[in-house]
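Enquirer: This is the structure, below, for whatever I ask next.
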Protein chains: 2
Amino acid sequence: MQLYKDQTLRIHNSLTGKKDVFEPINEGHVGMYVCGPTVYSNVHLGNCRTFMSFDMIFRYFKHLGYKVRYVRNITDAGHLENDADEGEDKIAKKAKLEQIEPMEVVQRYTVDFHNTLQQFNLLPPSIEPTATGHIIEQIEIIKEILEKGLAYEANGSVYFDVIKFNENHDYGKLSGRKLEDMITNTRELTAQDEKRNPQDFALWKKAEPQHIMRWPSPWGDGFPGWHLECTAMSTKYLGENFDIHGGGMDLKFPHHECEIAQAEASTGKSPVNYWMHANMLTLNGRKMSKSTDNNIYPAEIFSGNNNILSKPYTPAVVRFFMMQAHYTSILDLSDDALQASEKGYNRLMEALDNVDKLKTSGKSDFDVKAWQQKCYEAMNDDFNTPILIAQLFEAVKHINLIKEDNETISAEDKDLLASSLKAFVYDVLGIENQSLTKDDSNTLNGVMELLIDIRNEARAKKDFATSDKIRDQLVELGIQIKDGKDGTTFSVN
Amino acid sequence: MQLYKDQTLRIHNSLTGKKDVFEPINEGHVGMYVCGPTVYSNVHLGNCRTFMSFDMIFRYFKHLGYKVRYVRNITDAGHLENDADEGEDKIAKKAKLEQIEPMEVVQRYTVDFHNTLQQFNLLPPSIEPTATGHIIEQIEIIKEILEKGLAYEANGSVYFDVIKFNENHDYGKLSGRKLEDMITNTRELTAQDEKRNPQDFALWKKAEPQHIMRWPSPWGDGFPGWHLECTAMSTKYLGENFDIHGGGMDLKFPHHECEIAQAEASTGKSPVNYWMHANMLTLNGRKMSKSTDNNIYPAEIFSGNNNILSKPYTPAVVRFFMMQAHYTSILDLSDDALQASEKGYNRLMEALDNVDKLKTSGKSDFDVKAWQQKCYEAMNDDFNTPILIAQLFEAVKHINLIKEDNETISAEDKDLLASSLKAFVYDVLGIENQSLTKDDSNTLNGVMELLIDIRNEARAKKDFATSDKIRDQLVELGIQIKDGKDGTTFSVN
């Protein structure tokens, strides 16, 4: 039997504003769409947190036995510099700056994105579609919305008519805004505006002659609006109504509000049952920002090449740090917080190394079944990873007590403890045990220098039994020691 | 000044059948397109060899100072099971077998492809476009070919008219085939065939109702022919006439022949100046084939989990092995060959470790400038990596002689030797120095066991100076030794 049949999972749904019991559309299946990056620069640590949160959610659904189709897109066209459908395409602008083809920009930063997420041990999504790969599908949706009379063409561009849509729908229901308030608070249109109302948004933008990213359409050469791609890709791969749509908090309005409007306008259906939003990451108490230098990239954390942190931290430690906060809370990154996480991470990994070696006895002082249920309860309560981690440290405490013979555990409980602990740490939280692999090469060099030193001392003392033993056993390990004029060196075969 | 100004590079051009001097269309720039994988299964070792060959070529152009735009596509639709435009789409078929969406198949094997190529240290291409990302561009080319009267519509599909094209063009010029011979040797069309001639090939195929991968077009719902995607993507990103088109030998006919026909039919121009073809990889003297079990995947080589080889080989050793053959030669993989390559690889890495430490003197016994020129001559002769590697071992020989004080080298020559050797091995051949990093973790464990053993012996002999030294220096390296009931263990912080 699948685990999910025993668990009642509650999800904070941005659409209802409360924790709703999760009921999938198709039993045993989850369809989840998450807005991916616009690939015009190196991936931001805040974005990494968002994708890591949804990776944990993806992993927990899989752990529960669901078959998950997880779609996370790549935005490689159509994302303009500001939300009012103005400014340059972000990728085209970068391409102009670097004097390369826009798709070279896309490739460079897609590779960076994948590499960074791989370092953080994120699983690849089931499908990773691109905006440029779905121009036809976007054009088809525009045609449908035009047919429904909820969009209009103006000078080769097509805009969504928010006022008209709101007559029979509720524009603003996700973000909790009222259209009347939006109208009151928005600047008025100028004479050269193509939009009928300032709230309207572009479904298709006419390409000016100098715009390189362009495709033919019934309205002339142009490119799709940013909001439209997610509607096209989510419905193509998950259907007109699917389970979960996620993204960063900053995408709730206008991006996700517009997605709902587009889908409802074209299909008449509400597209998504559970809207989930991950919260932001701050740095030393302030918003991260390149312009104020209050910013750090993942690679800078791993290498230690930065002016913000006292030392390098591994991807696993950073991931552990991120998981210590709930995905809907603001999380502040600082050197102190990372140091604390590193200590906790090391304690946890040590317990994982020890759990299999515990001696067993007839009875258990630790109620492993009850503990395991508390872990599930934490995750079932809107993926509450900080509570889960607190439970994991409860297990660590008992592992240490058992190891020091101050408590006992039965063989059956030990197996359950070991398998549950590994499942929650490795499979659900996605935290790798890097305790031994980190910097092995440097450590090995240091240890070898010491061993060579001990060997030379033994030879000086004419303790040839020891020096020969060292040499012979190293040969067995595939390590050759060579005595040269400049001292002793070694090489690994 | 850029290096390329000093070098005359000759490339074996499949179109002319000889080694032509390379003259780029735009000085200092190279446009190169290579046919990428059809992502419906794990990447085959033979394909890895092809992509590795073009990676080396990409790297040499960059080394020479060219600005290279290297486009390698992903075929994620349209590749049917056989070349006669029949059978199922390879990806759709796999999706049906695995009961998943075709794009899930694409994602799974694209991830595998990228991971494998990254292990082999291939650089990402400049642009990596997909067939499904360029449906519109393909439709536009079909329209142009139809307008020129060189294609015809039949029952919702569009076919290229080879006989008519051949009236004013030379169909078969790349593969050296004559259309008359092809006609003589081909089966006759049956009544239900839509094609006018058996040599005609599909530009667009009508999608049957059960076909999931489909797009709207002027000829109804369907999908593009396989040959067309490469014409669409190469011309979009490199122009109607570009420098180099590469691929595996097996793609010369019909795939590349059809690409030439499509491009000439739509633009009137010859698309490619230099056609390059990489040769195949055999295994123990026979063609690799899954059905006969004469097959091995990269991951099986790296892990040693296979019935063919005596031990695991690292990606760097396999790459070195591949580079020891010319890309246009058939290469046979076997355990003996890999063992020999591993020995050579280790000698080369050892020399690279030693070259910086060489003592210098007033004069050189080794003419480094002349040697360096021979390296360039090898590469300039159609990227002759086996000759280059022979030259590298010439350098290894001298490095060892100098190291053993049997030859001398000047400081200036040492610098040139070190920088050239590193440039050719690391930058051009793309071979990583994995001599120390491989299995460091296991090696470290083995060395630590030995060290703990030595420490325990010292304590037994009451040689506390030695045992304390070991413990203290390990603490400095971040390694804690713990003496417990079950013996001594260690942990790395």
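Here, residue 1 is simply the first one shown, and the rest follow in order.
Glycine is no exception: its Cβ is also placed from the backbone N, Cα and C atoms.
Feature table excerpt (TrEMBL):
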- A:CYS35, A:CYS230, A:HIS255, A:GLU259: Zn(2+) binding site (BINDING)
- A:LYS290: ATP binding site (BINDING)
- A:374-440: domain 'Cysteinyl-tRNA synthetase class Ia DALR' (DOMAIN)
- A:37-47: motif ''HIGH' region' (MOTIF)
- A:287-291: motif ''KMSKS' region' (MOTIF)
Enquirer: Note the Cβ centroid of A:CYS35, A:CYS230, A:HIS255, A:GLU259, the recorded Zn(2+) site, then list each other residue of that chain whose Cβ lies within 8 Å of it, in sequence.
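Expert: Other same-chain residues with Cβ inside the cutoff are A:TRP226, A:HIS227, A:GLU229, A:THR231, A:HIS245, A:GLY247, A:LEU251, A:HIS256, A:CYS258.
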Enquirer: Across the motif ''KMSKS' region' (A:287-291), what does the mean pLDDT come to, as a whole number?
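Expert: Average per-residue pLDDT within the motif ''KMSKS' region' (A:287-291): 86.
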Enquirer: Quick check for the class: what is the C-alpha distance, in angstrom and rounded, between A:CYS230 (Zn(2+) binding site) and A:LYS290 (ATP binding site)?
Expert: 27
Enquirer: Which has the fewest other CB atoms in a 10 Å radius around its CB: A:HIS255, A:LYS290, the listed binding-site residues?
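Expert: Checked A:HIS255, A:LYS290; of these binding-site residues, fewest Cβ neighbours within 10 Å: A:LYS290.
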Enquirer: Do any residues, 6 or more residues outside the motif ''HIGH' region' (A:37-47), come within under 8 Å Cβ-to-Cβ of it, and if so which ones?
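Expert: Same-chain residues near the motif ''HIGH' region' (A:37-47) but 6 or more away: 74-76, 79, 90-91, 93-94, 105-106, 109-110, 112-113, 116-117, 248, 280-281, 288, 296-299, 301, 333.
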Enquirer: For the motif ''KMSKS' region' (A:287-291), give me same-chain residues lying six or more residues beyond its boundaries with a C-beta closer than 8 angstroms to one of its C-beta atoms, as numbers and ranges.
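Expert: Distant contacts of the motif ''KMSKS' region' (A:287-291): 44-46, 280-281.
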Enquirer: At the Cα level, what's the spacing in Å between A:CYS35 (Zn(2+) binding site) and A:LYS290 (ATP binding site), rounded?
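Expert: One finds 22 Å between the Cα atoms of these residues.
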Enquirer: Give the residue counts of the motif ''HIGH' region' (A:37-47) per reduced DSSP state, in the order helix, strand, coil.
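Expert: Counts, helix then strand then coil: 3 helix, 1 strand, 7 coil.
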Enquirer: Could you tell me which of these binding-site residues, A:CYS35, A:CYS230, has the fewest other Cβ atoms within 10 Å of its Cβ?
Expert: A:CYS35
Enquirer: Check the DSSP secondary structure of A:CYS35 (Zn(2+) binding site), expressed as helix, strand or coil.
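Expert: It is coil.
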Enquirer: Within the chain of A:GLU259 (Zn(2+) binding site), which residues six or more apart in sequence place their C-beta under 8 angstroms from its C-beta?
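Expert: Listed in sequence order, they are A:HIS227, A:CYS230, A:THR231, A:SER234, A:HIS245, A:PRO271.
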Enquirer: Quick check for the class: what is the C-alpha distance, in angstrom and rounded, between A:LYS290 (ATP binding site) and A:HIS255 (Zn(2+) binding site)?
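Expert: About 23 Å separate the Cα atoms of these two residues.
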Enquirer: What counts of helix, strand and coil residues does DSSP assign across the domain 'Cysteinyl-tRNA synthetase class Ia DALR' (A:374-440)?
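Expert: Summed by class, the stretch gives 45 helix, 1 strand, 21 coil.
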Enquirer: In which DSSP state, out of helix, strand and coil, do we find the residue listed as 'ATP binding site'?
Expert: coil
